[in-house]
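Single-structure report; data block below.
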Amino acid sequence: CVEVFYIYFHAGRVEEPYVSITKKRQMPKDGYSEEIEKEVGQAEGKLCTHRSAFSRASVIQAFLGSAPQLTLQLYICVLQQEITAARSIFMVLSLLSIVYGALRCNILAIKIKYDDYDVSVKPVAYLCIFMWRSFEIATRVTVLVLFSSVLQIWILPVVLVNFFGFFFYPWILFWQSKSPFPENIEKALSRVGTTIVLCLLTFLYAGINMFCWSAVQVKLNDPDLINKSQNWYRLTVYYMLRFIENAFLLLMWYIYKTDIYLYVCAPLLVLQLLISYCMAILFMLVFYQFCHPCKKLFSSSISEGLLSCFKFLCFVCKPHKSTILADKAEVKSSERTDESWGSSKTIDSQKGNPHQSVSSNA
């Protein structure tokens, strides 16, 4: 921070020996996109580097520091049935820190994916992201605290499955791709150092996804280690599974709740938490559909992507036409055999009637 202020106040006083030229393209208007050249001095370049480092540090601090702190403080308040002024202030600051880290994560994802374009985020987009992340993180932390307050032992498998699932997911995709081990992260790092850096990156990725959707998707076989494609299917699957998990944890809390929740209207609380998570999904849809700064570059909108996802899920869930036709053919064949068997029986009976009459006459 001291170096940043020193560079900022001394910028422009001394003429810099050289400047670098960056080329950025504007957002396409009427199908056309202009390229703009901009001179960037040494001071401005250093300030951009510090700002980028600060953004990444805020994400690390939010999800590896403030998120566990908020969960612990809320857990203590629930067990003691008391919220002090100091503890409430710390919880509010922790929640704001997590929301800010998630917001910075969204902005970083946009700037990394669309690095060739001059991206400007409007205040409405910031407001949508803030509301989206606030509802999502507050609901998630509350659900984990309620479940852990009645089933202390079973919260450990839930946390471990979530954490290690997201931790090993990028590595599984990397092993399935059969790509060579990334060597160009840092020239000074050895193979062991590169492995440690990648493990720390996936550790942070798992910590973010424990509480909310990670806008930055890790891709180890990419040179930038970031998946720059917009995958609506992964986003849909994540929120569907997370909603089901939150509903299941709330159901377990409702079944096994103790006497400390005697004066709490449990059905209303469950309904409020589920509605809050749905509000988070609603603000997320509004952001991607209307407020995303690069929505003109999407190959498909969020509504089209979700519609195709639901069509795919419906196609997977419903029985195939071939099996239905086969079942119908089997039913028809069985009916035909029954009809033929019945007709042959009637013919035999008709043939047998004259013999019976002759015997009776005799």
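Each Cβ is built from the backbone N, Cα and C atoms, and glycine gets one as well.
Those TrEMBL annotations? Automatic predictions, nothing curated.
According to TrEMBL, the transmembrane segment annotation covers 85-103, 153-174, 195-216, 236-256, 268-290. What TrEMBL lists as region 'Disordered' is 329-362. The annotation compositional bias 'Basic and acidic residues' is assigned in TrEMBL to 329-339. Per TrEMBL, the feature compositional bias 'Polar residues' maps to 340-362.
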(request) Using a Cβ distance cut-off of under 8 Å, indicate which of 153-174, 195-216, 236-256, 268-290 has the most pairs with the transmembrane segment (85-103). (result) 195-216
(message) At a threshold of under 8 Å on Cβ distances, which of 153-174, 195-216, 268-290 pairs most often with the transmembrane segment (236-256)?
(response) 268-290
(message) Within the same chain, where does the transmembrane segment (268-290) have neighbours whose Cβ lies under 8 angstroms from its own Cβ atoms, ignoring anything closer than 6 residues to its ends? I mean 6 or more beyond.
(response) 125, 128-129, 131-136, 138-140, 142-143, 213, 239, 242-243, 246-247, 250-251, 254, 301-303, 306
(message) Given a Cβ distance threshold of under 8 angstroms, which distant residues of the chain, six or more beyond its ends, lie next to the transmembrane segment (153-174)?
(response) 144, 147, 202-203, 205-207, 209-210, 218-221, 249, 252
